[in-house]
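Participant: Sequence annotations record features per position, and here TrEMBL assigns transmembrane segment to 6-22, 43-62, 74-96, 129-150, 170-189, 201-219, 285-306, 318-341, 347-369, 390-406, 412-429.
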């Protein structure tokens, strides 16, 4: 393996370790033992759920190719997954609010396990059913667990600031460390043990089953609006009205869609960007490097959110600008660096520059997740939390489906440039959100003072 990859990975590892070990009292939050027990239980479950997700990711495309399907057929399978998430996401989100977030989390485990089982079949129709089930599971993963956490945290009377600690740790572990370990474990199953490309999916089912057992034995149920008089259509109308009537929620949804749409597009494009001439690049090692970058971002986020004087709305504008600049690098290198016509070989000079930029973008992703989670916990009403969160994913899934369908129609640099523009727009919307929040703060303070009893 080239020294360049080792230097980047090692440098990031040293920075992450230094940040975590050098935290002082200002960077840490004093909490209660009851909260620590609650937090650790959630982190264990969330890590198991993410392990079940990360184990599958690197091998889905590869598995389909071993069954003899071409790029077009595989693209349709991926579109089915995102389309399923778009169509059924709002429905399962509303059901989670009405019938319980614990039940929805268990449904996620069952649905994803069934999706994993379908991977044993080489029949296209069975694999399509698996992708549809996977899309439904993805909607539940990114709404039900967070909704349960926020409601349970508030129900138990823990301090609001402690919620940020759980968010940052969940991203550090679930989207960072667990992703790296899952990648290594999947490589062990498929490569070293030669158990075949279906082995990671079977392992994912085991992790999901263990997580489901913990949920069944230790979680209590909580709801959004569980009134029997409200059907799904009424819940949809209520969620849409909440978005339309509160500018903060509408801005938050637009920001989330723009960033996540760019992030998922990056997932599809980073491989051809780094190896345009079929250069030999270590995909697994680069993936681990990206996840280490994400851990770096979440470590920064935990420091920032531990300080009461730091507003999430303020620093997120900078995060979006930096992420936009990092995804402009493929555009810049395509203009300034002469393309190579030589096939194969090692990564090019332009590829090295882009890899560093992509690591910066992944660090921004690590900052984004806990920060957006905190803002959602503050702005989205509890009675329709899961429904609104899945409403946010509708434009995201439409965007990704369009990109997937037209991925061969435009040069990669153009696609990255489009993502950079979207991220810059997100930074402008974040600036608008900060202004709205700052204008509403005095009114919120007055209401808080009015609610306090007078001491005469």
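Glycine too: its Cβ is placed from the backbone N, Cα and C atoms.
Since the structure is predicted, the reported quantities are computational estimates derived from the model, not experimental observations.
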Participant: Could you check whether the transmembrane segment (43-62) and the transmembrane segment (347-369) come into contact, where contact means at least 3 Cβ pairs under 8 Å with the two residues of each pair 6 or more apart in sequence?
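Facilitator: Contact absent: fewer than 3 Cβ pairs fall under 8 Å.
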Participant: Is it the case that the transmembrane segment (318-341) and the transmembrane segment (74-96) touch, counting contact as three or more CB pairs under 8 Å in which the residues of each pair are 6 or more positions apart?
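Facilitator: Counting Cβ pairs under 8 Å, fewer than 3, so no.
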Participant: Please figure out which one of 74-96, 285-306, 347-369, 412-429 racks up the most CB pairs under 8 Å against the transmembrane segment (6-22).
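Facilitator: It is 285-306, which has the most Cβ pairs under 8 Å.
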Participant: Tally Cβ pairs under 8 Å between the transmembrane segment (129-150) and each listed stretch (74-96, 285-306, 347-369), then give the stretch with the top tally.
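Facilitator: The stretch with the most close Cβ contacts to the transmembrane segment (129-150) is 74-96.
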Participant: Which residues of the same chain, at least 6 past either end of the transmembrane segment (74-96), have a Cβ under 8 Å from a Cβ in it?
Facilitator: 61, 64-65, 103-104, 107, 127-128, 131-136, 138-140, 143-144, 147, 224, 232, 235-236, 239, 384, 386-391, 393-394, 397-398, 400-401, 404-405, 407
